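The following features are taken from TrEMBL:
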BINDING   86-91, 138-141, 174-183, Asp209  FMN binding site
BINDING   Arg299, Thr535, Ser596, Arg597, Lys602, Val603, Tyr604, Val605, Gln606, Asp639  NADP(+) binding site
BINDING   Arg455, Tyr456, Tyr457, Ser458, Cys473, Ala474, Val475, Tyr479, Gly489, Val490, Ala491, Thr492, Trp677  FAD binding site
DOMAIN    80-225  domain 'Flavodoxin-like'
DOMAIN    280-521  domain 'FAD-binding FR-type'
TRANSMEM  22-43  transmembrane segment
Amino acid sequence: AGTQESEKPQSHCFHSLNQEPLFSNLDLFLFSLIVGLVVYWFMSRKKPEPIPEFKKLDTPAPTTRETSFIEKMKKTSKNIIVFYGSQTGTGEEFANRMSKDAQRYGMKGMAADPEEYEMGELSRLSEIKNSLAIFCMATYGEGDPTDNAQDFYDWLQENDDEDLSGLNYTVFALGNKTYEHYNAMGKYVDKRLEELGAKRIFDLGLGDDDGNLEEDFISWREQFWPAVCEHFGVEALGDDSSIRQYELKEHTDINMNKVYTGEIGRLKSFEVQKPPFDSKNPFLATVTVNRRLNKAGDRHLMHLEVDISGSKIRYESGDHIAIFPTNDSALVNKLGQILGVDLDAVISLNNLDEESNKKHPFPCPTSYRTALTHYLDITNSPRTNVLYELAQYASDPKDQENMRKMASSSPEGKALYQSWVLGASRNILAVLEDMPSLKPPVDHLCELLPRLQARYYSIASSSKVHPNSIHICAVVVEYKTGTGRTNKGVATNWLKNKLVTDNSHKSTVPMYIRKSQFRLPFKATNPVIMIGPGTGIAPFMGFIQERAWLKEQGKEVGETVMFFGCRYKNEDYLYQEELEEAEKTQVLTQLNVAFSRDQEQKVYVQHLLKKNKEHIWKLIHSDNAHIYVCGDAKNMAHDVQTALYEIGEELGGMTRTQAIDYVKKTDDKGRYSQDVWS
């Protein structure tokens, strides 16, 4: 403040010369600020606290979350804690099942989100008798931790001097074999805990979602519990009865303003939107464009644009947009009919364990209709635990027996589950329709069904060109099942019907942004090689827009090479006009398109890579090019990698092992990025 004071006289002289008011707004502002600060300083000085003469009344504890899982376990006499790293809800689901299992074996368990607790307390778990920590850890993207396990992962990496010698643990990992870094997170946690002195009491379980994740989990768990019982010297009873986690409360005369109608976090958050927007508080973005991309054919490929003006949301090319879809109302109505339930009844499901951080399985109070529309996954095939718990409600003993058999780990049980549920793509409605004797109470069904998850799409625009708009490119999922039913993808069918104006009111989608590592090179002069067939072209539309923008800014931009693939040139050549225009203006220095079915023998992107091998090798080996692959993980990403190994062998004079190592090095240097899905 001193310096400002000394400058004041000059400004006064200046004002009086110009016949302006004596005090400028700035002076008044500064004067008020100084007075304010002085008053604040006087008010805020610590006053000596009087010592109270009497014992404080028991005030209700503030509703701050307990971040100590040790204190919580002691308070509720639990000895098993199941931490989950979960991106799409499956890890959390498995953790809940494990904590329920503990009860069946006469122990007490709790499922816990590592993000909510102080993980440095793991060393204190030995304070609890017969204690055990189970970790259900999913891997996301390219070997990364899930969002909720990121802090835990950082903590494990940073704390070399941590002594976890009193910790008993086991890990079940959730992953997908088609990805290069298969189960990286689970493997890391398993290895790292041992390095820090913890005791592994059962082998790492590896779940593969490309095969049968459910079966992997059941087989692992079947051997795990007897081993735990043996370790702690307790009898492995295994109580078979069904255990309810929540109790039903029906609301007859409730103020409808207190009822959730589809919000993800805060009540009324869709009516009064407040930033920042994230997975717990999505932004309602308006759909401004929704058009079909393919000219013909029986598939529906679409381009959508959503408006994020005023949301303060920022994104970069390569990020993902997460969207919360809703289930098809026809499906919800059928479920209501078959269960004979009033879907508009308002209910709450309240956790029987009052100490749990998770008070409800989904936002409550709400109606069954809202729960089945917005909060619960009713389209995926039910997991075995759902069948097991619902079996008691089948009046036909044969149905009961089959449901329990499918949930067992016997070979014929597994085979039956594989063919009758997974192979036939039966969702919960199909199960109920095909087992007429099965009539579960709707509240127990709602307790058991998994949460409906957000869907991630690679953003197809650049924020440099479209700061207030996010573009999405997707294909509508629809297929016939073995039972002759038509299954429709939840999100893509919901998006397809998001018309720009629907009966004169605007369509909106709840969304947030998930940052990714899929980024253009920092130096614009670096060449880029983009490989993305089908909807895998999405992030590259953003990259192309950005490279064009950089050129317009007068920046020197390196070579930009695109490999795109589709079925037929006249059917599903997505963004043909935009790509050809980019080639004409030399934003794309080379455009290679594989039309797989336009000739006798199939031609894919990897074939075009091999055809251009000299150029590709020069870009990678001499010019420091960055390689990007987007699309199908199972075949395409793998085939592209193989083509690059072969180019390394032919033109780099390497053995296959050296070529693999060479490609891995470009990956480690951040020059080989994948955005793939299975």
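Glycine residues also receive a Cβ, built from the backbone N, Cα and C atoms like all the rest.
Caution: TrEMBL annotation is automatic and unverified by curators.
Shown on the structure are the features that TrEMBL records.
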residue	record	Cβ contacts under 8 Å, 6 or more apart
Ser86	FMN binding site	Glu92, Glu93, Ala95, Cys136, Ala138, Thr146, Asn148
Gly89	FMN binding site	Asp377, Pro450, Arg451, Gln453
Tyr179	FMN binding site	Thr139, Glu142, Gly143, Ala633, Val676, Ser678
Cys473	FAD binding site	Leu293, Leu301, Met302, His303, Tyr457, Ser458, Ala460, Thr535, Ile537, Ala538, Met541, Leu574, Tyr575
Val475	FAD binding site	Arg299, His300, Leu301, Met302, Thr492, Gly534, Thr535
Gly489	FAD binding site	Val476, Val477, Glu478
Ser596	NADP(+) binding site	Gly565, Cys566, Arg567, Lys602, Val603, Tyr604
Trp677	FAD binding site	Gly631, Asp632, Ala633
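For the NADP(+) site, whose binding residues are given in the record as Arg299, Thr535, Ser596, Arg597, Lys602, Val603, Tyr604, Val605, Gln606, Asp639, the maximum C-alpha distance rounds to 24 Å. Counting residues of the domain 'Flavodoxin-like' (80-225) by DSSP class, helix then strand then coil, yields 64 helix, 35 strand, 47 coil. In sequence order, Ala322, Ile323, Pro325, Val490, Ala491 constitute the residues six or more apart from Arg455 (FAD binding site) in its chain with CB-CB distances below 8 Å. For the pair Gln606 (NADP(+) binding site) and Gly141 (FMN binding site), the Cα-Cα distance reads 22 Å. Counted over every protein chain shown, other Cβ atoms within 10 Å are most numerous around Gln606 among the binding-site residues Asn176, Gln606.
As a whole number, the greatest separation of Cα atoms within the FAD-binding residue list Arg455, Tyr456, Tyr457, Ser458, Cys473, Ala474, Val475, Tyr479, Gly489, Val490, Ala491, Thr492, Trp677 is 23 Å.
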